[in-house]
2 protein chains.
Amino acid sequence: MNTLNATHNPSLTSWVAAANQPDQDFPIQNLPFGVFTTASQAQAHVGVAIGDAILDLAVLQQAGLINVAGDVFNAASLNLFINLGAAVWSSVRAQVSDLLRADNATLRDNAALRSQALVAQSAAQMLLPVEIGGYTDFYSSKEHATNVGSMFRDPKNALLPNWLEIPIGYNGRASSVIVSDTPIRRPNGQTKAPTQERPEFGPCKKLDIELETGFIIGRGNALGEPIRCENAEQHIFGMVLLNDWSARDIQTWEYVPLGPFNSKTFASTISPWVVTMEALAPFRVATPAQEPQPLSYLQHKPEVKYGVDIQLEVQLTPEQSQQATTICRTNFKDMYWSMAQQLTHHTASGCNTRIGDLMGSGTISGATPDSFGSLLELTWNGANPLALTDGSTRQFIQDGDELTIRGWAQGANYRVGFGLCRGKILPALAV
Amino acid sequence: MNTLNATHNPSLTSWVAAANQPDQDFPIQNLPFGVFTTASQAQAHVGVAIGDAILDLAVLQQAGLINVAGDVFNAASLNLFINLGAAVWSSVRAQVSDLLRADNATLRDNAALRSQALVAQSAAQMLLPVEIGGYTDFYSSKEHATNVGSMFRDPKNALLPNWLEIPIGYNGRASSVIVSDTPIRRPNGQTKAPTQERPEFGPCKKLDIELETGFIIGRGNALGEPIRCENAEQHIFGMVLLNDWSARDIQTWEYVPLGPFNSKTFASTISPWVVTMEALAPFRVATPAQEPQPLSYLQHKPEVKYGVDIQLEVQLTPEQSQQATTICRTNFKDMYWSMAQQLTHHTASGCNTRIGDLMGSGTISGATPDSFGSLLELTWNGANPLALTDGSTRQFIQDGDELTIRGWAQGANYRVGFGLCRGKILPALAV
């Protein structure tokens, strides 16, 4: 599955000039899929990001330049396209790569078609890229689980006994997964300080991010038919950035014994572009050693690289100053449990998955304090406020703050990026 | 919302003779909605249960006997119909009631149309009645929460501090909600006895039922726009029976800190007929007194009855003997938190809901040991095995056992029933 082909050639360039800039997300080696509308085109189309533009696959198919069986690009989600299977994903990627190559005149020199098929990203409205039937969130960063356990339970036994055996996960709320740049209203909820006799209902006081990635199911499994670990990656279409917004004070009061609920279900933001596993193939790395060795159903093949080297960072921008501060830099490659292990465990009971399902990694925290993937950890539950570049400080998110996650796999002279996963906090509704 | 009308008249009878029998589920006062196919009709149609038959609404609409705007009955789920709104649900109910009345000759005396429009239930295959975008399970029986807390935590402080303040709920897995009579494969999973150093992976040894009802969202709410308690019932289309199958040994090992996952996601069975809130209107009762009084956002209107008097029972039938034993008799009316409070709390953070979403009540246990809604409680975690009528005993479910939930609201000379919520356990897959 990690085989490289002509689309991965680092020396490829595109006639879309912006795609050849080294520090932007969408070179010709990336070609992520998304869904968009424009002011003049209310019908959603599937497109591919290239430089500062979007290539409209519906227009190209209509023009006979993309060969795919079925009307899958005049669609409000990628699900129909994904349903065609991995060979078609790869074929479309190869066709798009070919059309966009600097030396291919077909579209490059057809001004009329180009003006229809190439849309400026600044002129497009991105939609949620997939219809998400199920959203599962895992908890697979050992550093994150250790930090949380140290803070709220016992620093000497920070990891719970099951953590090293199970890729712990829980069901999230699919209905409130939203696309980047959808504003988020601060949730109201029940909270109770230890000094209070009764809880109160009002605006969350500890609003937080969770820096995550997510993977999108590309091939489902039937109920009662588990996915084996060696086949798990064949079921993954691609990856997105994910911000699993969290209301820490609501979570503290509600989560025992059945887990987080209102503290998470008010919003989860994903980036609009799904970067395919094929695009990420050059960036696969080994995952960290696991001790103890997982039970056999969770064991990796030694010869396969299950990790992905994805650099991640988070910026916080207060409304008033508009000055961004980078509050976290980390990397996906250090996650303890792999996506393959997560999916294997998820389905081991017989649970079915479906095309478009979203599986979150869990908060991605590194080993150093500047690599923690949540304000909870970065400020150690508010004890150590962050100093922002505009002179203000933060324990948790304030109204008007905009949080932006960026992520990219770094190639020699290009990066395979995810675009932005961004959201701004609106004040809570009056109670 | 609890207003009675002509369709509720206890003295109504139908020309479908079986519908006038007192101890069956589908009198003319019920008229629940479902989706079915038959051997000769592969396209799913929406139908209404009447006695031992199904009235095919697609056929009736085609014949001009049901007046509804839109092609909503040639459909694989009720979602399109539900989307038309409460006035249409009520209008269709009134039209169907009228057509089925003993004194209405229109369909009764039209043998040709009747042979098309009236299908024997025994000849139909029932499908999942709604497309379920989100499944949430609550935990709203005080007796159940107390039993579980006594067993696994502290009998003296069995209820956790948040239980009396929050209608505790968690996200379930929508993809594995299945319709009655779908067989369930015993899940494999990780379990760990206290004496074991490492967990093991294999078939669940403590497979259990959870006797529940569920309600179906009839009108969604937008993200960021909570539903107020006084409006909550307007968002409910109807109710079903629900068996939230549970693997207790898997649950024990996995559920801290993020809640149940593989122990629940392998299957949740619902009954095929959605009984409308309008059909249940004559059976509304006051819910139990709540102490302390809930926070204001969860408070009921004193003049409204938020409970429903629904008698429930569970039977276990071993494969070999085929002798059914009733293992539980209880009632939905004793639930501490109402459906209105559940939905209000669910959306209080701004979480959106959508038509077809399923909200489970949580295990419905009564005060007496024969009214507990799970084997976990009925056998006190296996300590007191149940004696079955065929002479065998059960701590938990064995392969081949069939579990059947029945439920009905009892009228003077009729019952508004739910049909069966039934499932049989197949052996686990080889590990």
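The backbone N, Cα and C atoms fix where each Cβ goes, glycine too.
Residues or ranges marked as active site, proton acceptor in TrEMBL: A:H144. The feature Ca(2+) binding site is assigned by TrEMBL to A:D137, A:E210, A:E212, A:D244. Residues annotated as substrate binding site in TrEMBL: A:Y139, A:R153, A:Q251, A:Y255, A:T363. If you look up TrEMBL, you'll see A:D244, A:K264, A:S268 marked as Mg(2+) binding site. Residues or ranges marked as domain 'Fumarylacetoacetase N-terminal' in TrEMBL: A:29-129. Sequence annotations record features per position, and here TrEMBL assigns domain 'Fumarylacetoacetase-like C-terminal' to A:135-407. What TrEMBL lists as region 'Disordered' is A:182-201.
By a Cβ separation below 8 angstroms, chain B lies close to these of the recorded positions A:Y139, A:H144, A:E210, A:D244, A:Y255: A:Y139, A:Y255. Comparing the Cα of the residue listed as 'active site, proton acceptor' with the Cα of every entry in A:Q251, A:S268, A:T363, these being the binding-site residues, the smallest distance points to A:T363.
A Cβ distance under 8 Å defines the sequence-distant neighbours of the region 'Disordered' (A:182-201), meaning residues of its chain 6+ beyond its ends; these are 207, 245, 247, 249-250, 252-254, 262-263, 266-267, 269, 399, 423-429, 431. Residue pair A:D137 (Ca(2+) binding site) / A:T363 (substrate binding site) shows a Cα separation of 9 Å. A straight line from the CA of A:D244 (Ca(2+) binding site) to the CA of A:S268 (Mg(2+) binding site) spans 5 Å. Summarising model confidence by region, the domain 'Fumarylacetoacetase-like C-terminal' (A:135-407) averages a pLDDT of 98. Nearest to A:E212 (Ca(2+) binding site) in space, judged by Cα atoms and limited to the binding-site residues A:Y139, A:R153, A:K264, A:T363, is A:T363. Comparing local CB density within 10 A for the binding-site residues A:R153, A:K264, the maximum falls on A:K264. Sitting within 8 Å of the Cβ centre of A:D137, A:E210, A:E212, A:D244, and not among those site residues for Ca(2+), are the Cβ atoms of A:G172, A:L211, A:G214, A:L242, A:N243, A:S246, A:K264, A:S268, A:G360, A:S361, A:G362, A:T363.
DSSP gives A:K264 (Mg(2+) binding site) a coil state; it is part of no helix or strand. The DSSP breakdown of the domain 'Fumarylacetoacetase N-terminal' (A:29-129) into helical (H, G, I), extended (E, B) and coil residues amounts to 39 helix, 27 strand, 35 coil. Summarising the environment of A:Y255 (substrate binding site), the number of other Cβ atoms within 10 Å of its Cβ, over all protein chains shown, is 22. Rounded to a whole value, the Cα-Cα separation of A:K264 (Mg(2+) binding site) and A:Y139 (substrate binding site) is 14 Å. Annotation for A:Y139 (substrate binding site): spatial neighbours A:A145, A:W163, A:P167, A:I168, A:G169, A:Y170, A:G362, A:T363, criterion Cβ-Cβ under 8 Å with sequence separation of six or more.
In the three-state DSSP reading, A:D137 (Ca(2+) binding site) counts as strand.
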